[in-house]
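Read the structure below first, then the notes.
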């Protein structure tokens, strides 16, 4: 949005300081002076407002890194220039005075990219590209501060960045080329082979040591084909800023005033005059409060430039740090303190360093401060328990006095502290530990290792006398109470106890149970898990102290001491996979066609379109109740707000039917009518002159409800028979007879939760009305331009030919923009028509998550009949999905789950039934896999549990039951080109699976608290839309005079590389260089009636349509090729044909042949073919905490003859990591009680965790099936769809975790009873996702058993997991 200029108000006369009102800084090397500054906008809003749109808005809370820029400044702590990666979405403009801001546009462009940009692009590290500028800037910041980073430096540099597309591996590969240890000659880097891979023992050429000779030092290695990185050519720190004198600033308007003092005295004067002023250091919490909680801070004071608050000094018995030192500087300082004072005296600083290592992301640590952390008083702070356990002292200053506040007295309640209203935190005194007999450790457990808030955090300290008796104890926990607390009873218990006696351990554990006697429904949930962590942390600490004391081996549980750490991730891809069929263009690993534009910030997304004249911004008024009667809506207060222009709701629809959408039932409403069915349902739309005023207006709308009972879970819906009018079944053979004649019958339940799409670009639309004939042009981030066109025409009451929908690219989609994007685009089209002005709206991350729907949760109730030889005889299965409040695509999702519930296994007698639960959550929708992963998860769940019941390895059980070529599925489709059994054997051999299984068994026998697990999971995924009419595509190909080709097709680009594959198909077909083919956009006026880009069929459908158009053109050009000869260029051919009046435009069309399945009759071909794969995964879990890591994954996919192997590898890796998130990490939770009961709780990166850079497998190997024949595959190039099929491969990690947990339970004699279907035995029933909480709760060790919290009668969990 463009910032609005305002006249700043002068500082009040009572302040003696003379304040300036002009901001001066440098932007990409150019001096900027601002004397009209809007005090309410962030650095991100300023940058995007002046046209620097390379910096993206991904979440608005500093959790995704899409908005990362570099702010170079003189650091008063280190006395050096530091290039800080910073979240521009949080940074106030007041924070950049006197600094140099560098954006992605400032370091390079398409014609001359920075080496960091070029390497990410050429290494295939950018798919949708929305996160890419932020990732590039994090890498750039690393290189500016350290031109010779280590591999560890590289992995840590991205801990504040997220990517939803790539699976991170190619980004890390690109970044590692800058390290001292990178070798571009290695085969994994595309070279001919590193000297270390030759096996001759000669050493590494990069060491300068080979064959016993020492050469000169080797300079930084530049891999072949890359620009050399030369730090000397970087943007210099502007000389004028080295001499820049910081002046106190004050600027603002009637709503808000900013102060930026530069001395402590100035700050104290301001605080004295404005006791309620908001003191802001990094703005990491404040901006979230402003944006998401609508907090108002009329007086804000930025204190980041007060050098006095950023100093430090080593004293005789403590380290004193300025309270406003940045967390990055504290991280470095704590490391230095350990080196200075030694490990024994520096234990507290080791703990500080450890906690800061995983404290948020680097961008937050670069601006966040200890003072901010303390006064925020978060109950789950990582740092506060350390300071409290250390008995640190806080020094508070006001204009009149200095006060020392012991940490033990600082927190007075939830988010409340003892800091006087007129005081600020000036410094913190952190004592050292004793040289001997004092022990200090800190621990943290979160959902994800990097950049995650703690579930429980602890800092534990004991001091012993010479006889080993406890003199002092301070055990402090976060996450166990409304604020950071000491375990008082335990601290008291430990005094005067002989520490090394086991009775002391047992007594302390019992005291901890009393200190933290959590109730089942405790706020924050996870009562049993949190209690177990409190106990486990102390158990770990106790034995770590015992090791330090040199305790007897029999009394020390040494294995409990070490925490699970991961190695640097590596991986390889088979670069020779397409060698046998590679052509001039097809089969080559070309980079994404827009990669360079994406890494340089030049790629334009919908919200990057410059603001239009008279443009309005929309903000939806959303329901806050899950189910209610809508009694009244009063928007009068909103219209009184300056800048608010209008309000749009159901009454603006041309007729009642126009408000209905969602084929084929049309039961969903664009705007709520009389009843609310879910929290987040649109009620109206506020239109204003800025996004901020629109949001303010939406908050001012008063809505009155009459609440009604709500349903959230599938179990509730089944109990209350709340279903949509849908029932489908697939029946084959005679299941009743099969069960009657089999040896065993086993039953079970499989359950899998939903998943948020978390595309980095939220839903966004710009609707532009035209002055004639009711025309309207819509720019939308949608996978479905055709449906957007249809419904925009409906709400505007015009014919579809008056509506043009354009899609340049999306910043990710994954199915979430197939149907749900239509809601926003239609509402904005109506608003634009009503006001006759352009209307724009980009949903906030929070709005997008509560409005747009998720992957469907599924429940499968199964009964399996099996013989003693392991052959399955029968399956009876009831499948339920949680559709949410409206139909959307739930029926098709359920059908696909049913069709994939056989997995890869022949079951002669089968009966599968499907129902859709009607609940009061958002309407769940398409998501990569579209029910397939859920169906296959049910299949692999019953395979795993039945194998346990039979007492045979599940790998063998799978092999026994594999389909063989030409055998028929349960929907009577023969399996042609069936390669799963072959790939299963290949992965076993290539991954050394059997030897690793022996090693895992040995490891588990030798380790008590660490367990490893292996899993080998196959997949088959049917490719075709199950709705027959969607299996068609059109294309339009133009040849111009100069020989250039313009291609239009119906598919949209969302990062999956569709445009890249299509341009390659066209270039190959027409015999022209790839650079001569261009795709501008997807639009409804070039290709009409296009199907949504979905179902992994877009390359097949649109590729063949383009090929068909090219074939027509080739036929027309054939006489000229014959006449002009084989060397004739396309320019010559086009020229000659044009003068002969030959049509150089062709419309192509394709429809998938043969398919057409009939439900009920169970006849016809459901899918054109199946994409297949097999994955082996190995994990290690820490059973004390539930932490896990994936040690290795080996993925092999059959994608036919790949059009572009690099694109396919990117899809496989990205889908695998997204699947890993689905099955192990990503959990959506709803609030059960309180004013926001029924609302989604996990509505942003702060509490919804997708995998990060350091969650991927430590060894990540991917290969494509080769050296086989695809006899029946009749697709373009004989390739297979690859977007969705690999996602289920991520479940291999889940089942490896299950395997490890079985070993952990067996250690205590808990295992499945063989040959008996016993519901109460030790069979492991693990729900998805396998979060650290579920992992820990699945363990049965004594610590976990004593920590279990049993609900009282009627007591329920704080959260609802649907």
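Every residue gets a Cβ built from N, Cα and C, even glycine.
Those TrEMBL annotations? Automatic predictions, nothing curated.
Positions annotated as domain '2Fe-2S ferredoxin-type' by TrEMBL: 21-107. Each residue in the domain '2Fe-2S ferredoxin-type' (21-107) gets a DSSP state, and the totals come to 14 helix, 31 strand, 42 coil.
Among the features that TrEMBL reports, [2Fe-2S] cluster 1 binding site is placed at 59, 64, 67, 89. Taking the Cβ of residue 64 ([2Fe-2S] cluster 1 binding site) as reference, residues of its chain lying under 8 Å away and at least six apart in sequence are, in sequence order, 58, 131, 134, 161, 162, 760, 1245.
Taking Cβ-Cβ distances under 8 Å and a sequence gap of 6 or more within the same chain, the neighbours of residue 128 ([2Fe-2S] cluster 2 binding site) are 164, 165, 759, 760, 761, 809, 810, 811, 812, 813, 1054, 1055. Sequence annotations record features per position, and here TrEMBL assigns [2Fe-2S] cluster 2 binding site to 128, 131, 163, 165.
Across the domain 'FAD-binding PCMH-type' (251-435), mean pLDDT in this model comes to 94. Per TrEMBL, the feature domain 'FAD-binding PCMH-type' maps to 251-435.
If you look up TrEMBL, you'll see 359, 382, 425, 444 marked as FAD binding site.
Look at TrEMBL and you will find 783, 814, 928, 1095 tagged as Mo-molybdopterin binding site. For residue 814 (Mo-molybdopterin binding site), the same-chain residues lying six or more positions away in sequence with a CB closer than 8 A to its CB are 164, 757, 759, 927, 928, 1054, 1218.
Cβ neighbour count for residue 896 (substrate binding site) (all protein chains, 10 Å cutoff from its Cβ): 27. Residues or ranges marked as substrate binding site by TrEMBL: 818, 896, 930, 1026.
Summarising the annotation, TrEMBL assigns active site, proton acceptor to 1284.
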Measuring Cα to Cα, how many Å separate residue 818 (substrate binding site) from residue 59 ([2Fe-2S] cluster 1 binding site)?
21
Pairwise C-alpha maximum, in angstrom, for the residues (359, 382, 425, 444) that bind FAD according to the record:
26
Using all protein chains in view, find how many other C-beta atoms are within 10 Å of the C-beta of residue 1284 (active site, proton acceptor).
26
Round to the nearest Å and give the CA-to-CA distance linking residue 1026 (substrate binding site) with residue 1095 (Mo-molybdopterin binding site).
9
Among all protein chains shown, how many Cβ atoms are found within 10 Å of the Cβ of residue 89 ([2Fe-2S] cluster 1 binding site), not counting that one?
28
What other residues of the same chain, not counting 128, 131, 163, 165, have a CB atom within 8 A of the CB centroid of the [2Fe-2S] cluster 2 site?
126, 127, 129, 130, 132, 164, 166, 760, 811, 812, 1055, 1214
Measure from the CA atom of residue 59 ([2Fe-2S] cluster 1 binding site) to the CA atom of residue 382 (FAD binding site) and give the result in Å, rounded to a whole number.
22
Please report the Cα separation of residue 896 (substrate binding site) and residue 359 (FAD binding site) in Å, rounded to an integer.
41
Out of 425, 783, 930, 1284, which of these recorded positions is nearest residue 67 ([2Fe-2S] cluster 1 binding site) by C-alpha distance?
783
Of the binding-site residues listed as 59, 89, 425, 444, 1095, the one whose CA lies nearest the CA of residue 163 ([2Fe-2S] cluster 2 binding site):
59
Binding-site residues listed as 163, 1095, least Cβ neighbours within 10 Å:
1095
If you measure every Cα to Cα pair among 783, 814, 928, 1095, the residues listed for Mo-molybdopterin, what is the largest value in Å?
12
